[in-house]
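Peer 1: So that we are looking at the same thing, I have put the structure below in structure tokens.
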Amino acid sequence: MATFVELSTKAKMPIVGLGTWKSPPNQVKEAVKAAIDAGYRHIDCAYAYCNENEVGEAIQEKIKEKAVQREDLFIVSKLWPTCFEKKLLKEAFQKTLTDLKLDYLDLYLIHWPQGLQPGKELFPKDDQGRILTSKTTFLEAWEGMEELVDQGLVKALGVSNFNHFQIERLLNKPGLKHKPVTNQVECHPYLTQEKLIQYCHSKGISVTAYSPLGSPDRPSAKPEDPSLLEDPKIKEIAAKHEKTSAQVLIRFHIQRNVVVIPKSVTPSRIQENIQVFDFQLSDEEMATILSFNRNWRACLLPETVNMEEYPYDAEY
């Protein structure tokens, strides 16, 4: 079983990475160090997570210790949509690179397709609490990102939270120089994303699954929300393989050739989440897990629902 996915650029992206969304700055440094010690080589970051400085410290410490070399790591970050204008894009990218203490990124993604008004706030709002949008679109942002590739600062580009119509528009953009190599989206047994994955793979675009465990620690979680980790059928499959529910949920993606980035700051869980290459889910088990789909999203970004380009209005 391959431990990586080959991108359209021929680069190898490790199929399991460490997610860092919601990892508090005071804990994320130790989490990244624990992950590198456990064998992770793919770290998923973002400007909007406000913890890249600590992630960078961890990476540098591990490189200094000779535990790992920079070229063995696959580091991903994301451009927030308040920075779609070229000048702001360059500044945001530079901040990410400086915080991570790197001289290049392996992959740089557009975090969200809707352009937002530039400024200090991640979600700029007017007096009525309505989100303020920007006229600069993701297509214009892409041109600025392509320049980063041409300058050798980024190896590959991708998108996140895009539906297939938005990807189609990007692929059909006149003068497109660098195609997206991945679409990072929420994906788990309650949101199996079959049509979107099929579409992306048909275009030579890999898929990365975030919130693979259902994001139980998300800020908007409600007590009545479904819990993947507590799902009796998932627990049953896990018990059969002498694995945990989390390991089954991660393995589910690997067998679909989908990159998966579980988040944890607990060293024992970080280790557990990568111990997923020594068992195989049967075709029957995969079909059972796929049948759990209910198009349930943990991460809706409700602030932007009534704006143009809201990605989840489309079926996929």
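Quick reminder: no glycine exception, Cβ is built from N, Cα and C everywhere.
OK, Swiss-Prot features for this one:
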| type | residues | note |
| --- | --- | --- |
| ACT_SITE | TYR49 | active site, proton donor |
| BINDING | HIS111 | substrate binding site |
| BINDING | 211-273 | NADP(+) binding site |
| SITE | LYS78 | site 'Lowers pKa of active site Tyr' |
Peer 1: Count, for each of the recorded positions LYS78, HIS111, LYS235, LYS243, the other C-beta atoms lying within 10 angstroms of its own C-beta, and report the residue with the smallest count.
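Peer 2: Each of the recorded positions LYS78, HIS111, LYS235, LYS243 was scored by Cβ atoms within 10 Å; lowest is LYS235.
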Peer 1: By the count of other Cβ atoms within 10 Å, pick out the sparsest of the binding-site residues PRO219, PRO267.
Peer 2: PRO219
Peer 1: Report the same-chain neighbours of SER227 (NADP(+) binding site): residues 6+ apart in sequence with Cβ closer than 8 Å to its Cβ, ordered by sequence.
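Peer 2: GLY214, PRO216 - these are the non-local Cβ neighbours of SER227 (NADP(+) binding site), listed in sequence order.
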Peer 1: Compared by Cα position, which of the binding-site residues PRO219, LYS235, VAL259 is the closest one to LYS78 (site 'Lowers pKa of active site Tyr')?
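Peer 2: Closest candidate to LYS78 (site 'Lowers pKa of active site Tyr'), judged by Cα separation, is VAL259.
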Peer 1: Which number gives the other C-beta atoms within 10 angstroms of the C-beta of SER211 (NADP(+) binding site), all protein chains shown included?
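Peer 2: Around SER211 (NADP(+) binding site), other Cβ atoms within 10 Å: 24.
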Peer 1: Measure from the CA atom of HIS111 (substrate binding site) to the CA atom of ARG251 (NADP(+) binding site) and give the result in Å, rounded to a whole number.
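Peer 2: A Cα-Cα distance of 25 Å.
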Peer 1: How many whole Å apart are the CA atoms of PRO267 (NADP(+) binding site) and the residue listed as 'active site, proton donor'?
Peer 2: 20
Peer 1: Could you state the CA-to-CA distance between VAL259 (NADP(+) binding site) and HIS111 (substrate binding site) to the nearest Å?
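Peer 2: Computed Cα spacing between VAL259 (NADP(+) binding site) and HIS111 (substrate binding site) is 17 Å.
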Peer 1: Roughly how many angstrom lie between the C-alpha atoms of LYS235 (NADP(+) binding site) and the residue listed as 'substrate binding site'?
Peer 2: 33
Peer 1: Rounded to the nearest angstrom, how far is the Cα of LYS243 (NADP(+) binding site) from the Cα of TYR49 (active site, proton donor)?
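Peer 2: Taking the Cα atoms only, TYR49 (active site, proton donor) lies 30 Å from LYS243 (NADP(+) binding site).
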